[in-house]
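Participant: Annotations per TrEMBL:
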- 50-72: transmembrane segment (TRANSMEM)
- 84-107: transmembrane segment (TRANSMEM)
- 139-161: transmembrane segment (TRANSMEM)
- 196-222: transmembrane segment (TRANSMEM)
Amino acid sequence: MEDENKRKHVSGNKEYSSQETNNPILLLVEMLHLVGMWSKYCYSRYKTWLYNTYSTVIVIVWIFNTWAGFMYCFKEPELDLHDLIIAIFIALGEETSLAGAFALLTGRNALENIIKMIDEGFKEYPLQLKLKWDKKARIITKFINIMWFIWGLLYAATPIIKSLFGDAKSGDSVKRDLPFLSWYPFDTNQSPVYEIIYFVHTFGLQYGIVPVSVFYSLFLFLTMFIEQQFEFVSNSLKNMK
């Protein structure tokens with residue numbers, strides 16, 4: 001068995017031991033890194049600047065989506081009460097996801113402390129117990145994120161599916177729906193503007209899903225961590241009898 005003092009831990013390390021490749025924290029960190037919410041300490045100054053630029057562009061795109069959603073509530077002339085409630089509900093959902101993204105971006109130190117507590121809290125336990133927990137938690141993490149990703153794709157594809165089975169068959173010129181109810185000061189019904197905005201909405205939707213899935217995963221990690229601690233203490237007390 002590998003010496004625990006030489007084992008690599010997730011927080012603050014570039015590489016990890018082969019035994020910890022199933023660590024679920026690694027998966028969450030890579031997800032956050034992919035969407036611009038987790039810069040790596042090993043980056044050079046130039047790479048850090050590029051990554052920060054990438055992160056800023058993504059946040060601006062999501063703010064753009066949120067702004068368009070709120071403007072829809074005030075600018076759409078034929079909006080009845082039912083549609084207004086739906087528009088406000090969607091806009092608030094976008095705002096909640098944006099707030100979650102900012103919480104992750106500005107609260108990295110707090111998030112790192114949570115990660116350290118979960119990851120390093122097992123260093124006093126047998127390695128096999130930690131590996132067992134890693135495998136179980138990683139399966140749950142993948143399931144959560146895959147389900148959210150599939151939901152995002154289905155939601156984004158809904159306007160296309162409706163156009164295939166709805167008004168598009170009549171041959172009439174109709175307004176082409178977008179994934180989100182949005183208002184823009186230009187015509188989004190014409191190509192290629194429609195395709196560009198549709199891509200921006202789809203990208204923003206998947207971006208907004210990441211903070212939600214990460215929060216869900218961290219909550220489950222903490223629950224499993226506490227459960228494993230109680231189980232370990234219970235087994236230790238039984239062995240003392």
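Each Cβ is built from the backbone N, Cα and C atoms, and glycine gets one as well.
How about a rundown of where these features are and what they're close to?
Facilitator: Taking Cβ pairs closer than 8 Å, the transmembrane segment (50-72) reaches residues 35-37, 39-40, 43, 79, 87, 90-91, 94-95, 97-98, 101-102, 105, 180-184, 200-201, 203-204, 207-208 in its own chain, all 6 or more past its ends.
Beyond its flanks by at least six residues, the transmembrane segment (84-107) meets 32, 37-38, 55, 59, 62-63, 65-66, 69-70, 72-73, 76, 180-181, 204, 207-212, 214-215 of its own chain at Cβ-Cβ distances under 8 Å.
When Cβ-Cβ distances below 8 Å are used as the criterion, the transmembrane segment (196-222) is approached by residues 24-25, 28, 31-32, 34-35, 37, 58, 61-62, 64-65, 94, 97-98, 100-101, 103-104, 114, 118, 137, 140-141, 144-145, 148-149, 151-152, 155-156, 159, 178-180, 182, 184, 188 of the same chain, each at least six residues removed from its ends.
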